[in-house]
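What follows is a short report on a single structure.
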Amino acid sequence: MAKATTIKEALARWEEKTGQRPSEAKEIKLYAQIPPIEKMDASLSMLANCEKLSLSTNCIEKIANLNGLKNLRILSLGRNNIKNLNGLEAVGDTLEELWISYNFIEKLKGIHIMKKLKILYMSNNLVKDWAEFVKLAELPCLEDLVFVGNPLEEKHSAENNWIEEATKRVPKLKKLDGTPVIKGDEEEDN
């Protein structure tokens, strides 16, 4: 089997392709590397100006080495092998959008540190309990959530009460699974 691509190698390729220096760039795309990236290694720490980092469609198992990314606002990690949210604390004060669909996340432990997170795309993961889902209510800025394809959503959508139950537990949501959330008190006026 081919050796995994390191972040350092992927950054060197990206620099060659774009002519930009990774340490100065605001947006860096390292998605779908061949062979895939397996580790978020220490080379990420040089991305001091990066505001949007895409590492989607690789084979990353752990979120790590984000401490140097002081300006990171958007992190794209969809289609990897991530099992938990450990490692996000390093960007807890800046991250506004986390795209982490198509992974293997079952628990939302550690999400509460995301003080500025507005958008969370985490469809097609393994969250199956309300006890995990309610942790999203601890995010003061969360407005837009995509949660379709998690066992919890599938179960309640089949029972036709997903949106009602989810918005009851995370009342600040403005958009759920791509649909604007209509607040109950507005409906009562009809």
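Along the chain as shown, residues are numbered 1 onward.
Any Cβ shown, glycine's included, is placed from N, Cα and C.
Record features, source Swiss-Prot:
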- ALA2: N-acetylalanine (MOD_RES)
- 49-70: repeat 'LRR 1' (REPEAT)
- SER56: phosphoserine (MOD_RES)
- 71-92: repeat 'LRR 2' (REPEAT)
- 94-115: repeat 'LRR 3' (REPEAT)
- 116-137: repeat 'LRR 4' (REPEAT)
- 150-190: domain 'LRRCT' (DOMAIN)
Pull the DSSP breakdown for the repeat 'LRR 3' (94-115) and write it out as helix, strand, coil residue counts.
3 helix, 3 strand, 16 coil
Run through the Cβ atoms and count how many others sit within 10 Å of the one on SER56 (phosphoserine).
21
Within the repeat 'LRR 2' (71-92), count helix residues (DSSP H, G, I), strand residues (E, B) and coil residues, in that order.
4 helix, 3 strand, 15 coil
So what's near the repeat 'LRR 3' (94-115) in sequence-distant terms, Cβ-Cβ under 8 Å and 6+ beyond its ends?
56, 69-86, 88, 121-128, 132-133, 135-136, 138-141, 146, 149
What does DSSP assign SER56 (phosphoserine), in three states?
coil
Between SER56 (phosphoserine) and the residue listed as 'N-acetylalanine', how far is it from one CA atom to the other, in Å?
19
List, in sequence order, the same-chain residues at least six positions removed whose CB sits under 8 Å from that of ALA2 (N-acetylalanine)?
PRO35
Can you tell me how the residues of the repeat 'LRR 4' (116-137) break down into helix, strand and coil by DSSP?
8 helix, 3 strand, 11 coil
Could you count the residues of the domain 'LRRCT' (150-190) that DSSP puts in helix, in strand and in coil?
20 helix, 4 strand, 17 coil
